[in-house]
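> Supplied in structure tokens, the structure appears directly below.
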């Protein structure tokens, strides 16, 4: 998505205006594989939008009805909104770039997609990191004075941290516009013949990319890894303590702790894969139509969907609401026919 094609050694390349786009790069994938990738992406987008829409609707309804919402619910609302917007944007971008390349290549349209994509991805990374941080502070069993003071103040800090993340993400997305430029060379010689072929070359602003990598991706990634790992260790230690005190492996409390450990581990793996795929995709390491680039897109689309399905399964309130929704959807056609 970040690659713009510029003929080398032209003013367009330097000014980043009135871009003269190259023809689309030749795809190295078969039509069947391209169709399969598009189908997988579409399914992931729809699952992510439905799952995040459900989470957002439940907590937003609670917010409106009770004039208040839990801190974790507030974070989930922010996270769900960012993911719905991101999944919708990615689905819209694929549709427009596939059906109307000339319109998609216009500067205003291209940069609108580019800035929105980076902004929503960074928001999603930060919100998920704050969710992990909040659970760590509330659940982990540590007795350090600083940790206890943080636990007492975390509820009041979270709203400010969420809006600060929005500001950081927006500022950083504006800064990252000109990190990478991709242009084509139409006269690359083929030594085995007298013909030439088109190649796509990239120029990367290394300083900008380093800043982009550290602030936009690595900072929330490190925070998520540290808090999730410490929370897993705390839960594991507490579970071992409960086991040594006797109650047996079928104790509901112990099963709940083990379920929490598995869920957090699952979140951690998804988050790391998504962050790595996002960095590779944004830095244009591979050709835009290569298998690796498409694999990064699949991972990025799978993360919001997979990361949202598990809370619905593990959270009793969300699980009950989901079952009620399924029951209503099942009964509605029967009532309509009557």
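Numbers run from 1 along the shown chain.
Using the three backbone atoms N, Cα and C, a Cβ is placed for every residue, glycine included.
Sharing the feature lines straight out of Swiss-Prot:
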TOPO_DOM  1-30  topological domain 'Extracellular'
TRANSMEM  31-51  transmembrane segment
TOPO_DOM  52-74  topological domain 'Cytoplasmic'
TRANSMEM  75-95  transmembrane segment
TOPO_DOM  96-116  topological domain 'Extracellular'
TRANSMEM  117-137  transmembrane segment
TOPO_DOM  138-156  topological domain 'Cytoplasmic'
TRANSMEM  157-177  transmembrane segment
TOPO_DOM  178-205  topological domain 'Extracellular'
CARBOHYD  185  N-linked glycosylation site
CARBOHYD  194  N-linked glycosylation site
TRANSMEM  206-226  transmembrane segment
TOPO_DOM  227-262  topological domain 'Cytoplasmic'
TRANSMEM  263-283  transmembrane segment
TOPO_DOM  284-291  topological domain 'Extracellular'
TRANSMEM  292-312  transmembrane segment
TOPO_DOM  313-338  topological domain 'Cytoplasmic'
> Count, for each of 157-177, 263-283, 292-312, the Cβ pairs lying under 8 Å from the transmembrane segment (31-51), and report the range with the highest count.
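Looking only at 157-177, 263-283, 292-312, the most contacts with the transmembrane segment (31-51) come from 292-312.
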> With DSSP helix as H/G/I and strand as E/B, how many residues of the topological domain 'Cytoplasmic' (52-74) fall in helix, strand and coil?
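Helix, strand, coil within the topological domain 'Cytoplasmic' (52-74): 19 helix, 0 strand, 4 coil.
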> Within the topological domain 'Cytoplasmic' (138-156) only, compute the mean pLDDT.
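The answer is 86, the mean pLDDT of the model over that range.
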> So if I exclude everything within five residues of the ends of the topological domain 'Cytoplasmic' (52-74), which remaining residues of that chain have a CB under 8 angstroms from its CBs? That is, six or more out.
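Distal contacts: 80-81, 83-84, 87, 131, 134-135, 154-155, 158-159, 162, 304, 308, 311-312, 317-318, 321-322, 325.
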> Ranking 75-95, 157-177, 263-283 by the number of C-beta pairs under 8 Å to the transmembrane segment (292-312), which range is first?
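The stretch with the most close Cβ contacts to the transmembrane segment (292-312) is 263-283.
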> With DSSP, how much of the topological domain 'Extracellular' (284-291) is helix, how much strand and how much coil, in residues?
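Breakdown, helix to coil: 1 helix, 0 strand, 7 coil.
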> Give the nonlocal contacts of the topological domain 'Cytoplasmic' (138-156) in its own chain as ranges (CB under 8 Å, at least six residues past its ends).
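Cβ under 8 Å, 6 or more out: 71, 230-231, 234-235, 237-238, 260.
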